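According to TrEMBL, the feature Mn(2+) binding site maps to 50, 98, 183, 187. Residues annotated as domain 'Manganese/iron superoxide dismutase N-terminal' in TrEMBL: 25-106. As annotated by TrEMBL, domain 'Manganese/iron superoxide dismutase C-terminal' applies to 113-216.
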């Protein structure tokens, strides 16, 4: 009996560590449409590079950073943990942001949202046109690389527009729940729109997936 209880005690300790060790690695999600499906608004070459190269790199580097972080945790090496934070934020953010971005777009997108989301947009921005203008302006105005976001402020129960630098994830850095993200890194548009970010932003509204954004809005209001 004694040996058994000692064994149980040691497995009780091992179990949580075992979960850490056996945690699934992050993987690149499949696109819900073909690389060419968003043409002419976003061409196939951009989509292929953006998804299979850029997003894949964030996923790989996130897995590497988490592996190192796990080792640092196991050793109780706080200095190493702290030094890994920027890599986790950048690659973790890149993975989170792009995973949302692909579902925010659709070949059957464009137009305007319906129902509750449209009501909320009118309530918080005055009109859909006004909202579109604001989010476009914020996205155009991002200096260097970053994202324009429509988020939900749960505390205040309202929609909010925000810009994030680099790959800073919206919720992790502002507390807003992400509904719609617009990637304004040059790799998202340069091959087609060169340095003219406003043209890319004008085009992207034709492939915005309002169904996806509406269901995100409905689930964060629960």
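Yeah, the Cβs are placed from backbone N, Cα and C, and that goes for glycine too.
Features per TrEMBL, on structure.
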| residue | record | CB count, 10 Å |
| --- | --- | --- |
| 50 | Mn(2+) binding site | 23 |
| 98 | Mn(2+) binding site | 23 |
| 183 | Mn(2+) binding site | 25 |
| 187 | Mn(2+) binding site | 13 |
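The DSSP breakdown of the domain 'Manganese/iron superoxide dismutase C-terminal' (113-216) into helical (H, G, I), extended (E, B) and coil residues amounts to 54 helix, 24 strand, 26 coil. Using the Cβ center of 50, 98, 183, 187 for Mn(2+), the list of other same-chain residues with Cβ within 8 Å runs, in sequence order, 51, 54, 55, 101, 185, 188. The DSSP breakdown of the domain 'Manganese/iron superoxide dismutase N-terminal' (25-106), given as helix, strand and coil counts, is 59 helix, 1 strand, 22 coil.
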